[in-house]
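First up is the structure itself, then whatever we jot down about it.
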Amino acid sequence: MGAAEHSSVDDRDLNLRQVIDSAPALIHTARPDGYLDFFNRTWLDFVGQPLKSLLGWKWTSWIHPEDVESFVQKWRESLATGERFEGAARVRRADGEYRWMLHHKLALRARDGEILKWHGSSIDIENRKRTEEQLRRTAQELQKSEFYLAEAQRLGHIGNWVFDPAVGFDYWSRELFRIHGLDPAAGVPGFGKYLTLVHPQDREFMALLMEQMTHEFSGFDVTKRVVRPAGEVRYIRCVGTPILDNGTMKSIGVGIDVTEHELLTQELRRREAYLAEAQRLSHTGSFGWRPGYEEHIWSDETYCIFEYDPATKVTLDMIVERVHPEDRNFVLETVERASTSGGAIDYEYRLLFPDDRVKYVHVLARPLGTDSDDLEFAGAVIDITEAKRAEEKIRLNERELRTIIEIMPAYMGTALPDGTVDFLSPSWFDYSGQTREEATGWGWAGVLHPDDADRVLANWQAGLASGKPVEQEFRCRRADGTYHWFLNRSLPLRDDEGRIVKWYGILFDVNSLKEAEHALQTREHQLVGIIETIPSMLWSLWPTGEPAHLSKRFLEYFGAPFEEFANRGWMSLIHSDDREETLKVFVRALETGELFSVINRLRRADGEYRWHHTMGEPLRDPDGKIIQWYGLTVDIDERKRAEDHLRDTRIKFSRASKIATVAELSASIAHELNQPLTAVLGNAQAAKRWLTANPPDLTETNASIDRILRDIRSADETMQRIRALFRSEPYEKSDESVLDIIRESLRFIQEDPSKREVQIDWSIEGSLPSICVDRIQTQQVFINLISNAIEATDGSVNTAKILLRAFVTQEHEVIVQVIDNGTGLEDTEKIFDAFMTTKEKGMGIGLAVSRSIVEAHGGRLWAENNLDGGATFNVALPASSKREVR
């Protein structure tokens with residue numbers, strides 16, 4: 001190379017060095033073996049050292065000790081492989097500060113690839129490093145914050161979400177997925193999917209809320225229920241607020257799982273309700289009180305007890321105002337003492353209300369804490385009004401019971417479960433002469449009769465052992481030394497578990513009863529002796545019909561023991577022909593409680609049946625309930641035989657009198673026809689006289705002939721009625737006037753010359769209704785009664801007088817009375833029997849037939865004697881009613 005060329009190269013090298021030295025980068029070169037042989041001026045100025053201090057491997061002294069080993073190791077690896085070197089290390093600056101530098105080294109190779117040189121540069125990356133470190137720390141903080149947030153959300157059961165009106169939910173946190181029981185991998189649920197998770201009862205409400213979120217962009221705070229896919233129901237509190245995100249309105253919020261809180265709240269409310277109900281039922285209110293702050297916290301029941309409105313803020317003055325004036329000072333002193341000393345409160349007082357009602361309350365309170373400067377009480381107020389009234393009633397009952405015990409004609413006592421007597425009524429000490437100390441315990445046994453003591457004490461011990469009531473009789477010595485009989489009853493009182501806690505006993509002085517019982521037994525013995533002498537069989541039955549007592553004569557007659565008569569065994573002793581009727585009468589009597597009487601044949605011990613008459617009558621208690629049947633069975637066999645003999649005699653007599661009866665009936669019929677025939681005869685004689693007169697009186701003759709025809713028809717009708725009587729044919733009835741029938745009857749009677757002279761008077765009271773009768777038959781009745789009345793006056797010292805009286809009763813009966821002043825009647829009932837007569841020539845069938853006719857018309861016929869002499873025959877016939885009577 002020439003000098004000019006060499007000079008040119010040197011100039012280029014110089015220029016290049018100047019460029020390199022002026023570059024802001026730290027430039028260096030190295031040999032192929034790694035020996036650094038050049039550092040530009042920027043490098044030297046940075047470290048503040050000359051070139052010689054850095055050549056070779058001396059540069060490592062300015063590398064941070066923590067970075068040297070790894071940096072050199074990496075540099076040697078590049079030297080070995082020839083690959084590009086890039087590494088960061090801290091280099092000490094001239095002022096001693098280490099700054100991060102990024103080092104690059106690149107191999108310069110010959111055409112054959114041999115490394116000729118390494119060129120390197122170092123760039124100050126301290127600010128970048130610091131930024132990276134800050135970013136790293138920020139990332140760590142962010143990661144930590146995210147972890148803390150996620151953990152906080154997990155622990156607090158809080159998930160967050162973002163809602164975009166355009167797309168729906170834009171973001172759900174992992175905790176929100178967990179709260180809803182969803183897998184985050186499935187993605188955020190859409191609007192429809194989300195609503196399916198909401199509880200059916202809350203779904204409509206949430207759909208409306210989400211609709212509002214897309215339009216109104218307002219905040220909200222609601223609680224809803226969701227149903228997880230597994231069916232579990234959770235309560236979620238949703239809180240949301242609108243935000244502006246890059247110009248888009250969105251909603252951001254949280255979903256808080258408040259299930260446990262909600263359930264606890266519900267449980268708390270339930271318990272509060274239970275407590276309030278328990279307070280209401282027990283009339284117990286609770287309260288809190290801070291004496292220094294005039295602060296009173298009352299439960300609803302406390303307000304109820306004091307009868308203040310729960311909305312009222314209670315003050316001490318209001319409380320004192322309710323206190324009864326007589327208790328007010330006591331209450332104020334108690335409150336003052338408690339607020340000063342901090343001691344417990346336990347007292348009772350009365351409340352007086354404006355309407356003068358009084359309540360009794362019991363107040364209990366305990367201080368909370370020990371700080372006297374901040375004293376607070378918690379307590380209860382109990383309405384004990386009913387309890388106080390009950391106590392007063394108990395005291396009254398005790399006084400009444402004590403009074404009753406003292407005035408009772410009996411002695412009371414109580415004993416402990418072991419039998420030790422701990423109480424005796426004062427009257428016992430008066431009777432026995434013992435003191436209370438002497439009688440209590442077991443001292444009462446000292447007054448027992450020596451013959452009774454062992455038995456009484458043994459029975460008492462047995463009762464104590466078994467726990468069963470004890471009842472016994474024994475004698476006790478009176479203060480004057482005499483013994484009286486007593487009836488003792490002792491009963492145990494048990495607690496809820498059945499344990500005996502007390503024995504209660506009563507002693508009745510039954511000495512008079514014992515004496516009466518002895519006298520009664522004596523009288524009973526005497527009565528039994530008397531009964532056994534009665535020539536009849538006596539017996540008694542229980543209300544069921546079972547035998548209670550059978551007399552000795554009864555058992556001897558049948559020759560059977562008492563037991564054979566049980567269960568109606570006596571039925572086999574009754575004659576088979578009489579058994580059914582006897583049982584019917586017996587059962588009816590038991591069912592109705594009526595007296596019974598039956599005649600039957602009973603088999604005697606020797607097998608002979610004899611007639612007996614059995615009569616039974618019930619014995620009743622004051623309420624009318626049957627307690628026993630008493631009866632008598634009388635042997636009437638001889639009477640029965642006599643009655644049978646009499647009946648046979650009557651049959652024979654009846655047969656003998658039938659022939660005479662036919663003749664009597666014929667005479668009676670002739671008697672009935674005699675009246676109309678006599679009238680015919682009289683009228684015929686009159687007609688004959690009128691015809692023989694000169695000149696003949698044809699008018700009177702014609703009238704007599706008309707009367708003859710009328711009487712003949714009457715006789716014919718009488719015959720028809722007599723024939724109908726024997727044939728039992730129905731009567732021909734029609735509405736008739738009572739007065740017309742009586743007038744017609746009188747006309748027939750007065751045509752008999754022997755009866756015209758008798759005075760017959762009338763007495764008609766008011767208007768008489770018509771009667772529905774057979775006219776001819778009714779005429780026959782009145783003709784018979786009036787004729788009998790006229791005949792009854794024969795032989796009387798008084799002037800014969802007949803009164804016919806007619807009137808109507810309230811029962812719508814027409815009464816016709818035939819009253820005479822004759823001799824009267826010996827028997828007012830037997831005269832109506834057939835063939836019974838008081839006349840010498842009478843047959844005795846007129847009144848019998850008359851009664852039959854009247855009764856066939858639904859009426860009545862009876863007779864009665866007059867107080868002033870004579871007799872009255874009464875005919876009662878119902879007012880008109882159309883019917884056919886046989």
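Every residue, even glycine, has its Cβ placed from backbone N, Cα and C.
Since this is a predicted model, take the numbers as computed values, not measurements.
Lifted from TrEMBL, the feature list:
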- 12-82: domain 'PAS' (DOMAIN)
- 85-137: domain 'PAC' (DOMAIN)
- 220-270: domain 'PAC' (DOMAIN)
- 345-396: domain 'PAC' (DOMAIN)
- 397-467: domain 'PAS' (DOMAIN)
- 470-522: domain 'PAC' (DOMAIN)
- 523-593: domain 'PAS' (DOMAIN)
- 596-648: domain 'PAC' (DOMAIN)
- 668-881: domain 'Histidine kinase' (DOMAIN)
So how many of the residues in the domain 'PAC' (470-522) end up helix, strand or coil by DSSP?
12 helix, 30 strand, 11 coil
Mean per-residue pLDDT in the domain 'PAC' (345-396) works out to 86
Reported in the order helix, strand, coil, what are the DSSP residue counts of the domain 'PAS' (12-82)?
43 helix, 11 strand, 17 coil
Residue distribution over DSSP helix, strand and coil in the domain 'PAC' (85-137):
12 helix, 30 strand, 11 coil
Mind checking how the domain 'PAC' (345-396) divides into helix, strand and coil residues in DSSP?
15 helix, 27 strand, 10 coil
So, by DSSP, how many helix, strand and coil residues make up the domain 'PAS' (397-467)?
44 helix, 12 strand, 15 coil
Work out, from DSSP, the number of helix, strand and coil residues along the domain 'PAC' (220-270).
12 helix, 31 strand, 8 coil
